[in-house]
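Listed in TrEMBL for this protein:
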| type | residues | note |
| --- | --- | --- |
| SIGNAL | A:1-28 | signal peptide |
| TRANSMEM | A:55-77 | transmembrane segment |
| TRANSMEM | A:98-115 | transmembrane segment |
| TRANSMEM | A:121-140 | transmembrane segment |
| TRANSMEM | A:152-169 | transmembrane segment |
| TRANSMEM | A:181-202 | transmembrane segment |
Amino acid sequence: MNIFRLCGDMTHLLSVVVLLLKIHTIKSCAGISLKTQELYALVFATRYLDIFTHHVSLYNTVMKIIFLGTSFTIVWYMRHHKVVRQTYDKEQDTFKHYMLIIPCFALALLIKTKFTPLEVLWTFSIYLEAVAIFPQLVLLQRTKNIDNLTGNYVFLLGAYRGLYLLNWIVRYFTEKGYRQWITWISGIVQTALYADFFYYYIKCWRNNEKLHLPS
Amino acid sequence: TMFVRRHDEL
């Protein structure tokens, strides 16, 4: 495992910590898209089906359990916690799940490495993760006052994807025969979706302004 | 081992 992969995973973990801090400590999920969080829970549930059948490493297993557990916890908080759920911007978070799920599933049936349930669902999760941030980006654009935790959460998620790109470049040059086109192309698409957000995040940070996106 | 290698990322 190279440094970029480790930093990517840690950034991903940190993004979850930031989000849980906002939800659990401040008891608010204002500006957070439940649609995106539900899509992430689906991503992890379909990707980590191999958790008990194929052992990669203790590190991988522990991280998988953490991502599965936290993603479902976040969804539970936003849907059922009596204080947190009242801070959810339901009227603004209008993106439809099926508009992302159906095309991703169709694509996974068409473009995959093997036609087995585990492989198709794994491929589906890769495609879905690439676009799962979409409802969150739409909600951010509609939010007038984006708080620091929400802005930092999305920034950390984008940084995690950027670090994975660097990890793939290192792996390509150091591991013989290492290629994974499905993951690479999806990863590039996923990172590109953050480009606009990054631009405004850095611009506002440099000007010492509160984060706001042009609508 | 092929499976494990292709799915060794999170």
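Quick reminder: no glycine exception, Cβ is built from N, Cα and C everywhere.
Automated prediction, rather than curation, is the source of TrEMBL annotations.
Same-chain residues lying 6+ beyond the ends of the transmembrane segment (A:98-115) with a Cβ under 8 Å from its Cβ atoms: 39, 42, 121, 123-124, 127-128, 131-132, 134, 182. Residues 31-33, 35-36, 39-40, 42-44, 46-47, 49-50, 89, 92-95, 100-101, 104-105, 107-108, 111-113, 146, 150, 154, 157, 182-183, 186-187, 189-190, 193-194, 196-197, 213 of the same chain lie 6 or more positions beyond the ends of the transmembrane segment (A:121-140) yet place their CB under 8 Å from a CB of it.
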